[in-house]
Amino acid sequence: MAAAGAEAPGAWCVPCLVSLDTLQELCRKEKLTCKSIGITKRNLNNYEVEYLCDYKVVKDMEYYLVKWKGWPDSTNTWEPLQNLKCPLLLQQFFNDKHNYLSQVKKGKAITLKENHRALKPAVAEYIVKKAKQRIALQRWQDELNRRKTHKGMIFVENTVDLEGPPSDFYYINEYKPAPGISLVNEATFGCSCTDCFFEKCCPAEAGVLLAYNKNQQIKIPPGTPIYECNSRCQCGPDCPNRIVQKGTQYSLCIFRTSNGCGWGVKTLVKIKRMSFVMEYVGEVITSEEAERRGQLYDNKGITYLFDLDYESDEFTVDAARYGNVSHFVNHSCDPNLQVFNVFIDNLDTRLPRIALFSTRTINAGEELTFDYQMKGSGDVSSDSIDHSPAKKRARTVCKCGAVTCRGYLN
């Protein structure tokens, strides 16, 4: 049995010591395929267009500078239009060019002459950067979906700027305890119900009500803990008291916001009100360590610390480097997600799991948000559990834009 907190094979990543171009050249030299860097049997000895870099007209003939998939930039060649059988890449090339010119001209009309002349170096540079960004984001998206253990798919989108994947973020599906912290994920009791919805089940043993209705929607007020059936229970996976442990069921998109809030998360499907959406996971650290890290994060203007203060204030979840999709969920003073403490296999009340449920119906395309303070809801009284992220020393300006915006995140 693996030690508590041990990572699954392949969970650790290290930076490569050579460039992608060098790796591709080495693979071709040794006749090796490597899908993750674009070297496949299909293009090992053949040429496939990866993206278009530049454009020019010579003697009334259109030429495009082609980046060949799996080949270094040094092998790029100018090809006449009639040789290219990649209509989607051609369309993407012109879309990127148009977007760049639109940004430069700040919405002014682009003339026919401007749209057909040879590209200026700045335009070509932007198109190449955008193409490389698109490839990097696709690889990151693929990596996220390989690592996730839940049903819902993860998509990545950036139509705002040239920002690529975060360089120091590692996707995890559950808490990662820091050295010296042990998570005992083994329940001390379990139910023997034949129907957990009607019988006295795990919640009753803990002295609370069953959290869900027949439609798998949460029915208890914020501040009330959720006790789900666990690995010792005799009920099966279809038990109505196994919701959070099934993971995210919705397809979500990590997207670049246009209001200066960096990355955000939106749902790609409709989410019914009071439904479980995702867990907030990260590295579990002591409150003392959280205080130290918090001072560093304040200087960077980032907020990823979340106090586990259901019963005590001993531990904090830090999602800055290790986390899941919730790492990218932005704050709002008028959020559509609400935090609940959850206990499943680990019944240590100092270490609840943090689940986010929808407060209302959320339509496809809407950004998901939660209140980093969780004190503005009328559902939480002054003596209820404080679910707020770890306390900060510097005030961070809020950009949520809500009518009820408090002006600061803390």
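Cβ coordinates come from backbone N, Cα and C, glycine included.
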Next on the checklist: C229, C235, C239 show up in Swiss-Prot as binding Zn(2+) 3; which entry in C86, C196, C333 does that record put in the same site?
Outcome noted: C196
Checklist outcome for this item: Within the same chain, the residues 6 or more beyond the ends of the domain 'Post-SET' (394-410) and with Cβ under 8 Å of it are 259-261, 298-299, 301, 303, 330-334, 369, 372-373, 376
Checklist outcome for this item: What remains of the binding-site residues C229, C233, C235, C239, C333, C398 once a 10 Å Cα-Cα cut-off to C191 (Zn(2+) 1 binding site) is applied is C229, C233, C235
Checklist entry - Cα distance, C400 (Zn(2+) 4 binding site) to C233 (Zn(2+) 2 binding site), nearest Å? => result 42
Checklist outcome for this item: Rounding to whole Å, the Cα atoms of C405 (Zn(2+) 4 binding site) and C229 (Zn(2+) 2 binding site) are apart by 38
